[in-house]
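Below is one structure; the comments refer to it alone.
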Amino acid sequence: MPVFFFALALTPNHNPERLLLVFIGLHLFLYPASNGYNSYFDKDEKSIGGLRNPPKVSKGLYFLSILFTALAIGFGATINWQFASMLLVYSLVSMAYSHPSIRLKKYAYGSWIIAGFFQGCFTFCMAYAGLSDFGWDIFTKSHVLIPGLLTSVMLWGSYPLTQIYQHEEDANRGDQTLSLKLGIHGTFTFSAIWFLIAGAAFGWYFLDRNQNQAFFVFLGALAPVMLYFLVWFMFARKAPEKYVNYDWAMWMNRVSGIALNAFFIWYFLENTQIMQVFY
């Protein structure tokens, strides 16, 4: 959701109807469809994503994910066909991530690059296109691509942390995930490096736009995320079997999600000056 709010903050053509259509299409249909499809083929038995004890999957989940994908594309088509085709491309890549005939997930660095790019930059550009009623040409615009790539840099840092407690299950399935390849200590170090790169890149972006206040508010939003990350890293180094688990990983997601959503909502209100209507 932070990617959506970042795109919303920068889109030049705000329209309440398009905003609602894009939000529903992405968050109520496309993302749940992607998660459901991946869960069907992963057949996870241990904690995954937002589920501590995932239920056994059935064929119904597969068909529901296909239905939700079609509904997402249908919502996109009410804006324009190019936005709908972007939703289709995202869906196909997401399916390739877990489908046994391709299964991008088993390739450590390939899946890391592709997941970070499509969940970050591609999603940002896609949301921007839908919110603004634009087409594929926005992928050639630097003022869209640059902030989109910033979101990917952030996700390239957080992505391995979502895999860090699943080493045993991933290994049993033959998935050589990036976190499994790096190991626990290597995963934390790798993520720390990319978080530093992301912080510097976002800082450059805001300062280059003469948005000094946004720069400092962004640093303030990152503070609790980095504090949690460092505390988790410290505990995990001492007792990985105790602290590298589902609960700590999910709290990392929650803290970062709340902090970044709050920042990008503030940035949207500040960047568009929409609050002036109430003064």
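Even glycines carry a Cβ here, placed using N, Cα and C.
These features come from TrEMBL:
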type     : residues : note
TRANSMEM : 20-40    : transmembrane segment
TRANSMEM : 61-89    : transmembrane segment
TRANSMEM : 109-131  : transmembrane segment
TRANSMEM : 143-162  : transmembrane segment
TRANSMEM : 182-207  : transmembrane segment
TRANSMEM : 214-236  : transmembrane segment
TRANSMEM : 248-269  : transmembrane segment
Query = Which one of these stretches, 20-40, 143-162, 182-207, has the most C-beta pairs shorter than 8 Å to the transmembrane segment (109-131)?
reply = 143-162
Ask   = Mind checking which residues reach the transmembrane segment (143-162)? Cβ under 8 Å, same chain, six or more beyond either end.
value = 2-3, 6, 10, 112-113, 115-117, 119-125, 128, 177-179, 182, 187-188, 190-195, 197-198, 201-202, 205, 249, 252-253, 256
Task = May I ask for the residues of the chain that lie six or more residues beyond the transmembrane segment (182-207) and have a Cβ under 8 Å from a Cβ within it?
result = 146-147, 150, 153-154, 156-158, 160-161, 163-164, 167, 214-215, 218-219, 222, 226, 229, 232-233, 236-237, 240, 244
